[in-house]
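The next block holds one structure in the form of structure tokens; read it before the comments.
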Amino acid sequence: MATSSVNPANSSATLGGHGAGKNLTFHVSSDSVVCYAPTMITANGFWEGVNPLEYAMPIFILQLVLVVATTRLLVVLLRPLRQPRVVSEIIGGIVLGPSVLGHVKGFAATMFPSRSILTLETVAHLGLLFFLFLIGVEIDASALRRVGRRPFIIAAAGMALPFSIGCGASFAFRHQISHNIHQVSFLLFLGVALSVTAFPVLARILAETKLLNTELGQTAMSAAVVNDMCAWILLALAIALSDDHATPLSSLWILLAGAAFVLVCFFAVRPAMSWLGKRTAEADETITDSQLCGLLVGVMLAALATDSIGIHSVSGAFVFGLVMPTGAMGASVIEKMEDFVTGILLPLFFVISGLKTDVSTIRHPATAGLLFFVFVLASVAKIAGTLLVSIFYAMPLREGLSLGFLMNTRGLVEMIILNIGRDKKVLDEESFSTMVLVSTAVTALVTPAVNALQRPSQRLIGYRRRTLQLSKPDAELRMLAGLHDHRHVSPILSLLSLSNPNKRAPIFLYALHLFELTGRSSALIAAAPAAPAAPNFISDDHAPAGVSVYPLTAVSPYDSMHVDVCRLAEEKRAAVILLPFHKHLTVDRDMEPEKPGIRNLNVNVLASAPCSVALLVDRGLSAVDTRSAHHVALLFFGGPHDREALAFAWRMADNPSTTVAVLRFLPVADQRFYDLCVVGKAHRGAAAALTAGMAEWAECPELGPIGDLLASSDFSATVSVLVVQQYVDGEAGRSPETPGPRQLGGNSSLRERISNFNIVWGGR
């Protein structure tokens, strides 16, 4: 096998064959050809005296391991800077390319020989197809009809100014453009590259900066969806016009065929997908393996259709993802595919981009400087356009600036556009390398800029009624409930029903559905407000009368989820945060722990909450019939926490069907008020259960368990103790019943004095 010395960055060309068993050749560039044997797929081992890296399969596996290891290492190294993973992957591709490690002698020839580029690029584009399909699944196309006017105007302003700058730049670069490149095509490619917003990268940045559930985050997400849709339409138009030999008529046919493909997907494929999604949701199960295989075949057929039409294959995969129903089915598809696609296949695309990015090709500082200036100017224009619309809608200046920076999120979508432009010969190597570097730098600046503008201390809103004790009894009571799954809904609703909500004193509940951010987009799509499977498992229809429910969502790692909970409680001016205990009741009445992260969340919220917190340990409260009588006990020891508990119980006492018993425990110092403590010796019947086990530790059993406790030297009280044993029916110590009113005699005054020691509230 003979191989010419070729820079892998220039490896994009044609494949020609001469029959089975003969060598195949593919042109890497205009002045180099690579020849290889088609049967050299797997090696026979070292024992045959051959180098396994000369065979297609071993070298591909080694490349895959190197790519994944490099990108993961950079993700870890850049994590303290809070950079999105896409930035680490782009930098990883550049590091493995000719710009960095390509200068190491023998590295490119050994690890990325020219004969392996075709296989590497084919698999990388296959991963790109599936990733674009997942992006389409994440976007709810039907939600575009529900997007408000403000996100549409923000998206339009954020695209119009940068796109106009791209048009002006294409005119300025007209002398550097090759004569066989269509001017309109270059205009569209540069305009789209300068104005695009990467929706999936933006969602990740918003989740990590705790802005996903804020008004700012929701506005940015809605505007990014609109921006993405417009960008893909313009990109398809640019691809249709980029063919050197295409006539205006053939470009028109490409556009018409592309429009027909979209119509078929939305009006023929989408109903079938919706039926499958409803069937999956009704069965309350995830998508099956056979259904997933069918979807993967559909993705590849859609990509084949658009590639045959003349539009890039990623457009077909993206449109096929758009017609997928969101919610449980979409989240299930993403959960099954995302780890493999984003963790194994997609990094190969960044390596291919890195192999094409060569800093040494930037030989004209004036041209590169002008491109850099245009790119920065377009980013500033996007911020300015977004800020103007924000000011028009009376948004704070900091939020307007933050929104402008967020709309400059580029990353993967930008890389896709630039790679297509380079493959279509619209961008040369120098322009491609310059724009890759500038795009990566701009995306890397988004998270630090947003963090600086949206510091947590600046997002806090002061309010007075942070406790139940300070809340007005006849005013609306605001509560924030953290819910991890359906199991936590019923106990919370039962507790609210006991709290006597009514028109005079209503309860406004913010039902916060807590999703763990695991590095997958499935959590983000399941939490999307437009998704039918969003936190709507609790709503006004399920709540008792007098309770209004407003669903919210938080997507965070458990280590930092308390920040979301506390911030939302602050924003919504909640008086109480309701959290479920980290253990739940099993069928055999044991308490079984759930995810360990739930306990850490509760501890962190208790340590940093801006208002009162209530932890609910459910032992059957969800089964309580709210229409029958209820009995509530309050153990009062004193202090601010017990006073808050008393305020909660005081609210329950207003419920006509609820009886609240308050048991007050007095400290030892207060016992000096009493001169004598009178107690019965033994307890039998139902009362015996209250002192079970105490007799085993008694020093003086003749005093009984309670008398022994009061007379012990370990008991610091100074009160005298009188232990009484009753004589009943000739047998000492046998008293089968606790005396009732009749046994106390007819002295009503005596009964009244004794009953007053039991403080029982049936109402105020």
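Glycine is treated like the rest: Cβ placed from N, Cα and C.
Per TrEMBL, transmembrane segment is recorded for 55-78 (among others). For the transmembrane segment (55-78), the list of distant contacts is 40-43, 85, 87-89, 91-93, 95-96, 111-113, 115-116, 119-120, 123, 343-344, 347-348, 350-351: same-chain residues at least six beyond its ends, Cβ to Cβ under 8 Å.
Here TrEMBL flags 71-450 as domain 'Cation/H+ exchanger transmembrane'.
Summarising the annotation, TrEMBL assigns transmembrane segment to 90-112 (among others).
Annotation comment: TrEMBL describes 118-139 (among others) as transmembrane segment.
Annotated transmembrane segment per TrEMBL: 151-173 (among others), in sequence order. Under 8 Å from some Cβ of the transmembrane segment (151-173) lie the Cβ atoms of residues 183, 186-187, 190-195, 197, 219, 222-224, 226-227, 230-231, 367, 370-371, 374, 377-379, 381-382, 384-386, 388-390, 403-404, 407, all in the same chain and six or more residues away from its ends.
Long-range contacts of the transmembrane segment (185-207) within its own chain (CB-CB distance under 8 A, at least 6 residues past either end) are made by residues 84-86, 135, 138-139, 155, 158-160, 162-167, 169-170, 173, 177, 217, 220-221, 223-225, 227-228, 231, 234-235, 237-238, 241-242, 374-375, 378, 382, 406-414, 417-418, 420-421, 424, 426-427, 435, 439, 443, 446-447, 450, 517, 521, 524, 555-556. What TrEMBL lists as transmembrane segment is 185-207 (among others).
Packing against the transmembrane segment (219-240) from elsewhere in the chain are residues 135, 139-141, 143-144, 147-148, 150-152, 154-156, 158-159, 185, 188-189, 191-192, 195-199, 202-203, 206, 211-212, 246, 251, 254-255, 258, 310-312, 315, 318, 403, 406-407, 409, 413, 417, 420-421, 424, 426: each is 6 or more residues past its ends and has a CB under 8 Å from a CB in it. Annotated transmembrane segment per TrEMBL: 219-240 (among others), in sequence order.
Packing against the transmembrane segment (252-273) from elsewhere in the chain are residues 141, 236-237, 240, 246, 298, 302, 305-306, 309-311, 315-316, 319-320, 322-325: each is 6 or more residues past its ends and has a CB under 8 Å from a CB in it. Annotation comment: TrEMBL describes 252-273 (among others) as transmembrane segment.
Within the chain, the transmembrane segment (294-320) has long-range Cβ neighbours (under 8 A, six or more residues past its boundaries) at 125, 128-130, 132-133, 135-136, 232, 235-236, 239-240, 243, 250, 254, 257-258, 261-262, 265, 269, 287, 333, 416, 420. According to TrEMBL, the feature transmembrane segment maps to 294-320 (among others).
Per TrEMBL, the feature transmembrane segment maps to 340-357 (among others).
According to TrEMBL, the feature transmembrane segment maps to 369-395 (among others).
Residues annotated as domain 'Cation/H(+) antiporter central' in TrEMBL: 507-628.
Look at TrEMBL and you will find 674-728 tagged as domain 'Cation/H(+) antiporter C-terminal'. For the domain 'Cation/H(+) antiporter C-terminal' (674-728), the mean pLDDT of the prediction comes to 73.
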Seg_contact(the transmembrane segment (90-112), the transmembrane segment (369-395)) with at least 3 CB pairs under 8 angstroms, min sep 6:
no
